[in-house]
């Protein structure tokens, strides 16, 4: 039965794959779906997933509705006070917190005699606490970690460095197995946990139970193997990063011989809520050797304010939880555990459920081939995902085209996003796996950094090689429908089923176009975008507008800057920016800005910092470029934009372009290097790539025809979404792709390359709502080598133009030169 919770367009996709769905249910009936309850679970407990396909459970799983509602009811019916007080509300808090500590230990099949629970901000904070409290012996204690460790584990080496550790080493599985190979020669100790000896040198080994990058799982028994290598004077304590593992699998700490000394967990990975709460489970027997350094409120029994004397509390939890704990979120864990047990019964059921889905996903993705037989996916795993003891529900991969070139991971993520599919891309804070699976070793990371590549940027292909990958991760509430919708999407956009030919007629190019009636080529509209990412100002048809080498006069001369980061705000992140309407009144020398619910704001066009006291200069960032801008620091201006957008921001203005090296502030922005433009004419305003952008009404109409063909009747688009300066009318769609040089009225323009599109074109410019069109359709018909193209970038050729340099609506267009080779257009 197809679930009723999936509506158009997802519902149609599920119907399309109904036979595959039935085959899956038949094959995995004993593992999948919690005895047939998964669809009702999704409908009743996870309504927030109704219009989404969520495949980033390793990032954060989804919280159940009942957790939030029961917790809210608890908060409104009970009074919880600070546990450091002794009044009734505080005592209630303390009681509930202690019950949760016991509940956590029970969940991991252990007890307070064996482990203590120390609450932290997250798993990273738990790992950091190990480094802070570890009994480092200066110049003697070593630190080793598994290559597949998260950055949070690798970061412990900073503590090792500070303590002059003689060995700081990343180990591979092979390194460990080699050291274990002759372990039979070592006598089995009767007691793997002897009494603490303060003269012993303690070493630290850390590894993940499950790799956050690939989902590979590593043996819990490694703890026992490592401890059998101990000597009387040198012992290794083991830290297990269990954050990823315990999200979908049970972890038992009952066996004293195999259980690690420290276990780091994060609760939002398990329950989705609460966030900002993790824990470090520490073996109770380690209490005498751990080192307390900083101390905060609640962690001491007595302290002298004027001398170096204090006595710490004896219990590990009391000693290491500095300040007031996050007691309300800790109390919410009771509701999270209750809901999880009521919905899923136990984590064995969750493990079986996600294993069935991940093994099916692997099978289908691994079988995908292009028309020439080459595999579509390079999968970063060495198993078939059927054995949950060695593989978690995490599928990491890269994509190749039929010609062997790589598809950038951001291309996949952007397309998935506009289709309501949530995935994760990048390096996943795991440089060891990046080296192992994506072949980006440390030398390459360092070299890439020198050329500007940093974590979290948009450089997904560097020198022809991927700099990261795509990760799909499944959770307790994932369904076969999620997987089928993903497979349909991926097949549609990334599997090449037919050999390449001339670009498709649907949205493509015919280089044999003949211009039978160029007299019909005319400018329909000229649009100015004074403030970057805000609404455009249409130049009145009766008015001519000045043309400069940097674009239309006042085009993208202002921007909004994040008050904290200095980065330019983008409509992609803050879609309400499109509701900000700037209008230029040249005769009054005013920029008048309006927005719903706001009084009009006026900015003088001719005022720069030399003229007004309320501006200053500061460094800003636009599309990765660092530039100097003039900042309006007037509280009235700042509050106007901040109040409307809900993000602290300021208005900034680009200084006048100058080549004078003695000028104290200069433009540092240039036309992007992938466009065909000489360096002598490369200054750029705050626009993304070039001074002028041209699109055709005929091409816009054709995109709408394609959208209707795909039955997306409610998502037809208007030309405004492409944010072009010049909208023209011609005789055929996409003929502007061929043009090399044109004359508009008395002005000559060189076309320097097609415009690469992002999903900002999916924002309705009148409502600020996000839809999937036209990005989705363009991705099918206008995507070449991973880039989606629509419209043409231009520069003004002053030496071939007549003065005055102006342009207006109604101007005739003459094609002076065009490309002869299709490959030359999209090079």
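Heads up, the Cβ atoms here are built off N, Cα and C, so glycines get one too.
The DSSP secondary structure for residue 429 (active site) is coil. The feature active site is assigned by TrEMBL to 429.
The domain 'MOSC' annotation in TrEMBL covers 649-816.
Per TrEMBL, the feature N6-(pyridoxal phosphate)lysine maps to 269. Listed in sequence order, 58, 60, 61, 123, 243, 244, 246, 247 are the same-chain residues at least 6 apart in sequence whose CB falls under 8 Å from the CB of residue 269 (N6-(pyridoxal phosphate)lysine).
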Around the Cβ of residue 429 (active site), the count of other Cβ atoms that are within 10 Å: 19
DSSP-derived structure type at residue 269 (N6-(pyridoxal phosphate)lysine), helix or strand or else coil: helix
Mean of pLDDT values spanning the domain 'MOSC' (649-816): 84
